[in-house]
Amino acid sequence: MEKVWARAEGLTSRLTGTAFNPLYHLGTLAVMLLIILALTGGYLTLFYRPGAERAYETVAALNASWFGHLMRSLHRYAANALVIVTLAHAFKMLIGDRFWGARWLAWVSGWISLVLIFIIGVMGYWLVWDETAQWLTEFSINLLGGRVALAFYQPGAVEQNFAFFVIILFLHVFMGILLLGWLLIHVIRLSRPALLEPRWLGIALTLSLTILALVRPVPLGNPADFSRLVSNVPIDWLYLGFLPAAQRTSPSMVIGLSLVSLLFLIALPWLWRGRITGPAVITEHLCTGCALCALKCPYEAIDMEPRSGDASGFKALAVVTESLCTGCGLCVGTCATVGVDLQPLPTRTVLQALQEAIQAHESPIVVVTCQRQAVLGTVPHEWRPPLTAPPDTLLPPPVQVRPFTHNNTTVSVITCVLPCTGMFNPDWARTLFDLGMQALLILSCPADDCNYREGPFWLGENLRLRKRLLENPIYWTTTAPGRPHTLTEMLERIIEEQAALPAPEKRLPRVVLDRATRNKLWLPPFRSFVPALVMLLVLLAFTFVFEHPTTAVAPETATLRLVLEHTPPLKANNTTTAPLQATLPAGVSAEQILGGERHPVRLRLDIDGQTILDKTYAPSGIHKDGEVIVVEQLSLTPGAHTVHIWLMDDEQTWRYEAEKRIDIQPLQVVTLTFDEEAAAFVFTLPHQ
């Protein structure tokens with residue numbers, strides 16, 4: 001699966017250039033989208049007014065203004081893009097095996113972030129208070145029931161729910177701020193997290209979203225109306241796809257399956273744990289306390305601690321936190337005194353294997369690459385050494401020798417596979433050239449797509465400091481994994497250049513790309529920016545795929561909604577209540593003083609002379625001493641019907657009864673409630 005993903009990234013790099021591939025910055029894209037959401041959301045909040053009547057009106061007023069409509073469209077598309085980019089980022093971490101071990105906290109916090117994004121997004125759809133919000137409310141009522149239903153289904157109740165809109169608005173804003181803070185936990189184990197760089201990416205992202213918002217502005221649906229059924233409405237499947245699923249199954253099943261899936265994903269770092277080429281170990285008498293390894297560790301796994309009782313004369317000692325080490329080997333590539341090693345792959349093993357191979361072949365070319373490039377096919381299978389070993393043993397020497405012929409010239413190619421090219425110490429190159437190595441080819445991942453974040457970057461920085469070393473034929477190329485022709489093309493180039501030019505005139509290849517300068521560019525070269533912009537547009541345009549009309553109920557359906565809150569009388573207990581009743585004034589019962597279990601409520605409903613409902617409802621509360629809340633929705637065929645209802649609350653007689661002739665149209669809802677004060681049923685007909 002990672003091969004397919006890498007090929008897609010490689011194709012993008014061919015269009016944009018490796019240095020300006022937006023697919024290498026999915027995590028940064030997510031952070032930038034959060035910033036855009038905060039800015040556009042702040043603008044929308046300035047004009048939003050909570051309340052069932054005013055909420056929809058203020059959104060409609062925003063839509064009537066071109067700038068307000070643009071801000072709303074940007075906000076919506078940025079929210080959708082955030083889910084797409086976050087899922088793509090998580091998928092890349094999964095297939096790249098970058099979610100367990102020291103990375104477990106980033107993996108778990110990332111999924112929690114996605115849950116927060118989902119909740120915030122759903123609340124945003126509630127605030128519009130259109131038919132989509134109505135469907136969302138009905139889902140919540142079916143899930144929670146009870147008084148939640150009374151707050152929306154009783155006639156006139158929605159208009160009194162001002163507090164509901166205030167709470168949703170507060171949570172929508174507050175949880176958004178919380179999400180921005182949660183990012184600190186997501187990157188807490190990373191050194192130098194690239195949250196807002198490169199700058200050109202922010203420009204391209206904003207421009208892409210603006211183009212989408214102008215091409216296809218977000219529409220506004222019909223206002224929420226609980227006297228009508230939601231039939232065919234456009235919904236965003238990224239955030240609201242659970243609504244149709246719950247319609248066909250049940251809300252509890254949808255939530256249950258979602259929770260199980262989430263727990264499984266969170267548990268993956270422990271269920272599917274791999275094995276690192278580590279941890280790094282420090283040889284104390286060789287450590288000078290320079291702190292370069294601690295500075296360059298991409299996961300803050302190395303700390304410097306004061307030495308005590310040490311005759312070395314150095315003030316500090318590097319200490320490795322094994323649980324944070326990913327086995328990248330960048331510390332090995334940094335240390336000039338060989339004071340740090342990877343436990344399963346010590347420096348002496350690598351150098352000894354390379355020295356023996358060079359001495360056994362005349363003027364070989366040495367290719368240094370990483371495990372990711374080797375596994376994904378950049379290095380042909382027969383060229384690469386064994387990459388695995390049984391647990392708790394030393395890895396085999398990561399070296400393989402193969403002949404390569406070009407222009408009737410055959411050279412021996414020694415392939416050395418390291419966990420990351422950043423592990424290659426430039427001092428090794430000096431030793432290998434002294435032994436007779438003809439040329440060195442470093443084949444690394446792009447600087448922005450390293451499995452260990454900063455391998456190519458620090459390798460370049462280490463080479464900068466060895467200017468005399470760069471006078472030797474050192475070649476370095478970065479490529480997306482899975483492109484074997486890159487290796488053969490570079491070998492052909494090396495053979496041609498080494499044969500054509502005398503040694504003193506050899507042209508040095510461009511070894512280092514200044515990533516820091518590139519990240520601060522506001523606009524990249526035009527030939528790179530345009531393809532990058534197009535790729536972002538294609539990625540973000542996936543939001544359109546997830547937005548299409550969905551049918552909630554059949555358009556030829558109508559509903560009779562029974563919403564009832566009734567407090568039945570207490571069950572009499574003559575043994576207990578008789579003495580007390582004699583002392584109480586008229587109109588006060590002993591049951592009211594002592595409390596106790598209440599009678600259940602039985603309802604019978606006939607439509608056109610046919611019994612549709614005959615059901616008994618228990619009082620609420622642990623002791624069954626509370627009220628009875630009934631919410632029933634009965635489907636009707638449109639047309640005229642005679643509705644007859646009875647209520648029994650003493651388990652003996654039908655105490656309340658009502659009958660009414662109704663004429664109901666498609667998608668209309670007739671609400672039947674019970675007025676406690678009038679002790680009578682009330683039919684509320686829909687607005688004609």
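Cβ atoms are placed via backbone N, Cα and C, with glycine included.
Record features, source TrEMBL:
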type: DOMAIN; residues: 1-199; note: domain 'Cytochrome b/b6 N-terminal region profile'
type: DOMAIN; residues: 278-307; note: domain '4Fe-4S ferredoxin-type'
type: DOMAIN; residues: 316-345; note: domain '4Fe-4S ferredoxin-type'
type: TRANSMEM; residues: 23-48; note: transmembrane segment
type: TRANSMEM; residues: 77-95; note: transmembrane segment
type: TRANSMEM; residues: 104-128; note: transmembrane segment
type: TRANSMEM; residues: 162-188; note: transmembrane segment
type: TRANSMEM; residues: 200-218; note: transmembrane segment
type: TRANSMEM; residues: 253-272; note: transmembrane segment
type: TRANSMEM; residues: 528-546; note: transmembrane segment
Non-local residues, at least 6 beyond the ends, that sit with Cβ under 8 Å of the transmembrane segment (200-218): 20, 22, 25, 28-29, 32-33, 35-36, 69-70, 72-74, 76-78, 81, 521-524, 529, 532-533, 536-537, 540-541, 543-544
Same-chain residues near the domain '4Fe-4S ferredoxin-type' (278-307), Cβ under 8 Å, at least 6 residues beyond its ends: 102, 189-192, 314-322, 324-332, 334-335, 337-344, 452-454, 458
Model confidence over the domain '4Fe-4S ferredoxin-type' (316-345), averaged pLDDT: 92
Per-state residue totals over the domain '4Fe-4S ferredoxin-type' (278-307) - DSSP helix, strand, coil: 8 helix, 8 strand, 14 coil
